[in-house]
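So the structure is just underneath, and the comments pick up after that.
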């Protein structure tokens with residue numbers, strides 16, 4: 001969620017490349033992938049899945065625990081790791097930490113392991129304060145956030161309320177599905193799951209679909225990510241075993257999967273580099289070049305036409321013209 005009380009934490013995007021880079025910086029051998037479907041086939045392709053990271057539009061009317069009979073129950077005696085969100089804008093990284101803290105055994109870099117050991121035995125509020133006070137963690141988080149290069153302070157512009165979005169985690173613990181939401185006082189237990197078949201993911205699908213169903217029909221303010229093992233090491237190990245069978249169908253399929261994974265990592269790396277770059281200088285140089293060439297007015301008129309057409313399309317779709 002976003003507000004003035006960010007304590008130096010910047011907003012991050014719900015993007016698998018951002019989360020995977022954060023895990024890499026934390027020394028954790030996992031990746032995060034987009035989930036476009038909760039169907040068994042989609043989930044099976046990503047196994048093993050350790051947790052689901054769910055982004056949703058925060059609506060005060062739906063935030064009440066009494067707003068949904070299937071919202072689960074607080075577990076005041078949860079023995080696992082749970083930290084409160086004590087500053088705004090940190091919910092993405094806090095969701096990751098809450099997930100990692102309940103994976104055993106956890107492989108991570110020395111800084112994260114020291115932080116996890118330091119917070120052992122702390123209550124959720126103190127734990128959250130300790131996490132968000134870690135300068136190195138805030139720097140790792142902010143390194144993947146777009147730079148804030150323009151300040152509108154002092155211009156007396158009318159303030160416009162913005163939609164707030166929030167990250168929570170769903171994961172298995174003690175034979176039950178749990179929801180870890182840093183804005184809630186305790187972890188939420190959604191009941192036991194059958195360990196056979198899909199296991200905890202079947203229960204998670206039911207809970208998440210029910211939650212999405214509490215929003216207006218057609219609402220799209222959601223994103224779902226899967227925290228999973230990095231598949232590349234296992235793929236490469238299997239490829240070494242199959243090296244003498246280059247004509248084998250499994251070998252060809254494995255080569256294609258490795259190629260797709262590498263392409264995905266390259267795309268993530270490029271997008272993260274663009275995400276971190278300050279483009280204000282480039283935009284200024286382009287505008288200056290257009291002005292010197294006498295083409296700025298034409299470009300401005302074309303942009304205004306494009307915006308007018310965009311607003312008209314939104315109006316035809318019945319969308320709020322103040323939304324963006």
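Just so you know, glycine gets a Cβ as well, placed from its N, Cα and C.
Where the annotation comes from TrEMBL, it is an automatic prediction and has not been curated.
According to TrEMBL, the protein has these features:
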- 8-229: domain 'UCH catalytic' (DOMAIN)
- 85: site 'Transition state stabilizer' (SITE)
- 91: active site, nucleophile (ACT_SITE)
- 166: active site, proton donor (ACT_SITE)
- 181: site 'Important for enzyme activity' (SITE)
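The domain 'UCH catalytic' (8-229) scores a mean pLDDT of 86 in the predicted structure. The local packing around residue 91 (active site, nucleophile), expressed as other Cβ atoms within 10 Å of its Cβ over all shown chains, amounts to 26. Distance noted between the C-alpha atoms of residue 91 (active site, nucleophile) and residue 85 (site 'Transition state stabilizer') is 6 Å. Most Cβ neighbours within 10 Å, among the recorded positions 85, 166: 85 holds that distinction in the structure as shown.
In this structure the C-alpha atoms belonging to residue 181 (site 'Important for enzyme activity') and residue 85 (site 'Transition state stabilizer') are separated by 8 Å.
The number of other CB atoms found within 10 A of the CB of residue 181 (site 'Important for enzyme activity'), across every protein chain shown, is 23.
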